[in-house]
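> First the structure, then my questions, so here it is.
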Amino acid sequence: MKKRRSRKYKKIIIIFVTMLFVSLVAAVGLYKTGIYRFDFLKDVLKKVDFQMNTNELNIPQDALSFSVYDIEQEEFLLYEGDSQLPTVASLAKLFAIDYALGKVDLEDIVEVNQEVLELVPAGSSLANLYAGEYTVKQIVEAMLVPSGNDAAYALAYHIAKNELGEGYTATEYIDYFMTELNEYLIKAGYSKTNLYNDPSGASMQANSHLEDINRVALKLLNYDFVKECIGKSEFSIQTPQGEFTWKNTNEFLDENSPYYNENVKGMKTGTMASSYSLVVLYKKDGKAYLITCLAAPSNEGRYKAVQSAINTIIK
């Protein structure tokens, strides 16, 4: 009997020690991966909530203006909020790029100086450019991927200086560019868009319309380099100032985001105060769609609205 009890106790001790060891190893693993931490748990819950609450789209509660466009068929599957003129925010960069590409070549050299960088509004999203040389292509990529307001100012300064020549202040160059850009918008048929005095979209007065945003987005998607840079969660360029690596502002592209969607191929975000906009290029089963969400009430709201459209309209 004593031998049996002794063996039984030994088994219990072995099992206990084994469980303790496994628990310790698991705890270390969880600590290193961050799985047990509150931020991970929060992300998991956010992902579950996102998946469960993206099966209905209500306009204008979810966004002031919203559209789903079938690129191949050239028709809208949904178009709501036609009377709205929401704040344009960083979507203004799409119009600035469209105008700029008619003025300069992609391989032209842009001289970025400290004077123009100091004009960038405080609190701006930045590409964190240094003074130095970049190509037009790199500046445009800096406007699209991290939504760099500094890049928008640099491009505006470059184009204006090319046309006016030397002898003007950075502010005068920017003012000239904006005058020319706003005139171009009217001539090009973007009649419901007014960017006022800022090439980056930082003006609270700047506004646009669903029709104009869709038109300019579709136009820029004809450029291969645009599709390449907007479709990656991270994008890098090599310059004489060194390498720049940017995080895309579009959370649909981030595999670690609760909003991640492998069929989203990027496009552009726009954020101003409590107005959150998002233009998405979505591809699935050989078809491509442009989804435009303007002035959602929150960051999460714009992703939920777009995903709801994917789930209920495109499917």
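Glycine too: its Cβ is placed from the backbone N, Cα and C atoms.
Marked as active site, acyl-ester intermediate by TrEMBL: SER90. Among the features that TrEMBL reports, active site, proton acceptor is placed at LYS93. Positions annotated as active site by TrEMBL: SER147. Per TrEMBL, the feature substrate binding site maps to LYS268. Annotation comment: TrEMBL describes 77-286 as domain 'Peptidase S11 D-alanyl-D-alanine carboxypeptidase A N-terminal'. Positions annotated as transmembrane segment by TrEMBL: 12-31.
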> Which residues of the same chain, at least 6 positions away in sequence, have a Cβ lying under 8 Å from the Cβ of LYS268 (substrate binding site)?
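When sequence neighbours closer than 6 are ignored, LYS268 (substrate binding site) has SER90, LEU91, LYS93, LEU94, LEU144, SER147, ALA217, ILE230, ASN250, LEU278, VAL279 within Cβ distance under 8 Å.
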> Identify which of the active-site residues SER90, SER147 has its Cβ surrounded by the largest number of other Cβ atoms within 10 Å, counting every protein chain shown.
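By the 10 Å Cβ neighbour count, SER147 comes out on top.
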> Looking only at the domain 'Peptidase S11 D-alanyl-D-alanine carboxypeptidase A N-terminal' (77-286), what is the mean pLDDT?
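A mean pLDDT of 98 is what the predicted model shows over the domain 'Peptidase S11 D-alanyl-D-alanine carboxypeptidase A N-terminal' (77-286).
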> Quick one: give me the count of other CB atoms within 10 A of the CB of LYS93 (active site, proton acceptor).
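29, counting other Cβ atoms within 10 Å of LYS93 (active site, proton acceptor).
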> So, three-state DSSP: helix, strand or coil for SER90 (active site, acyl-ester intermediate)?
helix
> Does DSSP give the residue listed as 'active site' helix, strand or coil?
coil
> Using DSSP and collapsing to three states, where does LYS268 (substrate binding site) fall: helix, strand or coil?
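It is in a strand.
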